[in-house]
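**Q** The structure is given below, and queries will be raised subsequently.
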Amino acid sequence: MKYKNYVLGVLNAKYLLFIIILFQAANNQSQAQNKNDNKYLRSSGLFSIREISDIKMKTYISHIENAFLKISEIQAEISIPENFQKTENMVSMIETLKTIDSSFKLKTPINPKDLQLYLKILKNADEQRDRIKRVNSRSDTLFRSARKSLYEIADDTILKEMADELGSKNIDKLQPLRRKWQNTDSIIAEKIKLIDEQSMQLSVINIKIKDLQRQSTERLFESNITSFKKTDLHDDNKEDQKISLSQSKISTKIVGLYIKENLFLFTVFPIITIFTVYWWTRRKIQSVKDNLYQSPFQSYLLHNILTHPFANIFFLAINLIPLLDINTPSFYHFFIVLLSVTMFFYLLHRKQRRCFIWYCIGSLLIYLAIMICNNNPSTLLYKVLLSFINVAVSILVSYVILKEELLQNFRRRYRIIAFLSIILMVFSLACILVGRMLIAYNITYATIVCILQLVTLFIVKGTFLNLLKLQMIHRRVKLHYENHVDTSRMEKNLTTPLNLVIYFFCTAGFINNLNLLVAVESIIDVLMSMPINIGSIHITAGSIIYFVFIVLLAHFLKNHIGYVFGKTGIEEEDDKFEQSSLVITRLLIICLGYVIAVAASGLPVDKITIVLGALSVGVGMGFQNIVNNFISGIILLFERPLKIGDNVQVNGRSGRVKEMGVRTSTLQTDEGAEIIIPNGTILSEDITNWSYTNNRRRIELPYNIETEIDPLQLEQSIVQIFEREDSVLPFPKPSVLFDEISNNTYKIRIHFWLKDSGNVEQIKSSIKSQLFYQLHNKNIHIR
């Protein structure tokens, strides 16, 4: 860029020098012609003043220079590279719209699944059109502003005056400046013309998108109404088969376009997710696997993830990716089901495979059969096949209920789901008997997919919990703890929320497979857009729901984010620095959650600012302590004068820091009491931290000793006892100080350093008993 500007500057300088020379030559020639002519003198009383031409010459030169520089700046502004991607996107949109339009022109019934996919594609196309329109609007503003600046140069009165003085014969001497101006004007005109043409195309695309969205919505509602009507059974003639084949080709083409548009979601994102999580899991396994079989951590659940980590991660990813887009194509969903059942069977233990083999084969055959029925459920053959599928599903579900070994992970929950599934299958059979084939097919298909999705997501939940357990075990192995990991609290806290998420996605998928999702979304949109007026504040019901949901989600993440970092919930075993970092992470989650909640809900920020301004008066009058404690808590979290697990003395109270919040901190005494101290008090008082940089602590034990040995032998005997204690540091070396020495009586003080200041009283008690016992054996008596 610097080299380009330098070259432009050199070229401009050459053009300017060339024009100055020409203009100087013309000026000299004019002066030569008038050298002996007295007309160039003008009378001014007694004297005659000569015409001054050098000032005018400087003005002309300055304006020519400014014109060149200004045009160069305009050329630099408009020299943006042509956006070929934008043109390709517009061509792709036009092709997609033509394909969907050709599908509607066939005048044949379209599968509701395809209609929902059409609406998804049209929505994406509309969003893409809006993005291109915004880019065009910015480009149009840029070029029109550049043209305005260019025309301001043309309207320069000084340049016009100079052109008049040069005359028609010498005007060609300004040809470089004119050519530069005309070239720039041509480029701007072409760009504006291209933008106008694209804007016209975008308008046509917008009209077509809105028309196709209307047709898709109308046909989807018509198909929902038609599904409740009685279906006449018939055999397809050749003409119907030909039209149906054309419709299938168009649907396949549209699915291909949809996958092309969402290539990142369907391929790149799953691959990145799988290998990232696998890399994370592999790192944990390397540090855990060597110690697992000699420790109490070994269990079947973790054994599965340790022996087949990639298979578990792959199963986890392929079942979570479809949840990001509920309108995935049918063949993609079939591919996911096929992979899921295969991976499920592969991950089972050999003994369990015997129990699940017929369940897996039956599930695949039933799903394949229902996919075949998707072609035309109005013929007699498909009526028989659909009836057989309903009976087979009922038998398979009943078989699973009777097999107790298959219910280890589901139990009562699965029995309820199985009972509801059998009821739906019976209802579907009743619809077949009365000729309501479409609604029967929808119920059967939705139920089968819902059952498979429930089973796979429950397995995904188990895999996710096992990954958290692996993280906990990794931390405990890292900290050299060998006792049992209690994960019951984690499982209890996360099971219910994860189950609710599973039920939500399965219910949404069930409604979608019944082709009722668009109608349900319309009802939800109406409810969410209901206006709520509170004085001068105008909000909607959706704003409140979004705000409450995001705030609850932020609090949930704040309370349970510790499990992701391997927090066991046992304070003695959690690293102090990690605990303090976790408190900061929780604070950031809460603050970010409220900011996102306000932004996503669309609440009027100006009104909230007024309320906060009014509350600030109350803060100044009555909430000083709360604000003081809050700010003090933030300072404590970042400066870290004390951390969770430290042994401290604050305000005359001694104990271990159990918890640190943004307003208060909890101190646990040796007696088991929990003292809640405001953070403002901690920050304003002197803090005695026995474990600020290390856990070492010096202990003093005073004694009165009666013995016949000399002081030197007594000191050696006591020091030897302390050197054999594991809890005592070898350096600084234990020492014995003599306060009083008399006949066979000594008053002494023993100083020694402990490795860990966490259990001072217990260590002191143990050392005192050992000291008494060993000194007593040496005929040294403690009084």
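Any Cβ shown, glycine's included, is placed from N, Cα and C.
On a predicted model such as this, the values are computed, not experimentally measured, just so you know.
Per TrEMBL, the features are:
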type: TRANSMEM; residues: 7-26; note: transmembrane segment
type: TRANSMEM; residues: 263-280; note: transmembrane segment
type: TRANSMEM; residues: 301-324; note: transmembrane segment
type: TRANSMEM; residues: 330-348; note: transmembrane segment
type: TRANSMEM; residues: 355-372; note: transmembrane segment
type: TRANSMEM; residues: 384-402; note: transmembrane segment
type: TRANSMEM; residues: 414-439; note: transmembrane segment
type: TRANSMEM; residues: 445-468; note: transmembrane segment
type: TRANSMEM; residues: 498-520; note: transmembrane segment
type: TRANSMEM; residues: 532-557; note: transmembrane segment
type: TRANSMEM; residues: 583-604; note: transmembrane segment
type: TRANSMEM; residues: 610-638; note: transmembrane segment
type: DOMAIN; residues: 625-691; note: domain 'Mechanosensitive ion channel MscS'
**Q** Using a Cβ-Cβ cut-off of under 8 Å, list the residues of the same chain that are 6+ residues beyond the ends of the transmembrane segment (330-348) and lie near it.
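**A** For the transmembrane segment (330-348), the nonlocal Cβ contacts are 113, 255, 259, 266, 304, 308, 311-312, 314-315, 318-319, 321-322, 356-357, 360, 363-364, 367-368, 371, 374, 449, 452, 456, 459.
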**Q** Summarise the domain 'Mechanosensitive ion channel MscS' (625-691) by DSSP state, stating how many residues are helix, strand and coil.
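**A** The composition, in the requested order, is 21 helix, 25 strand, 21 coil.
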**Q** As a test: from 263-280, 301-324, 384-402, 445-468, 498-520, pick the stretch that has the greatest number of Cβ pairs under 8 Å with the transmembrane segment (414-439).
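**A** Comparing 263-280, 301-324, 384-402, 445-468, 498-520 against the transmembrane segment (414-439), the winner is 384-402.
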**Q** Which sequence positions outside the transmembrane segment (445-468), separated from its termini by at least 6 residues, show Cβ-Cβ distances below 8 Å to it?
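**A** Residues packing against the transmembrane segment (445-468) from afar: 277, 281, 301-302, 304-305, 312, 315-316, 319-320, 333, 337, 340-341, 344, 363, 366-367, 370, 373-374, 389, 393, 397, 409-410, 417, 421, 424-425, 428, 487, 490-491, 494-495, 498-499, 502, 505-506, 509-510, 513-514, 563-564, 566.
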**Q** Does the structure show the transmembrane segment (301-324) and the transmembrane segment (355-372) touching, where I'm treating 3 or more Cβ pairs under 8 angstroms (sequence separation 6 or more) as a contact?
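**A** Touching, no - the transmembrane segment (301-324) and the transmembrane segment (355-372) miss the threshold of 3 or more Cβ pairs under 8 Å.
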**Q** Averaged across the domain 'Mechanosensitive ion channel MscS' (625-691), what pLDDT does the model get? Just tell me the whole number, please.
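**A** Overall, the domain 'Mechanosensitive ion channel MscS' (625-691) comes to a mean pLDDT of 79.
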**Q** Taking residues 6+ outside the transmembrane segment (263-280), which of them lie with a CB under 8 Å of any CB in it?
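**A** Same-chain contacts beyond the flanks: 309-310, 313-314, 316-318, 321, 324-325, 332, 467.
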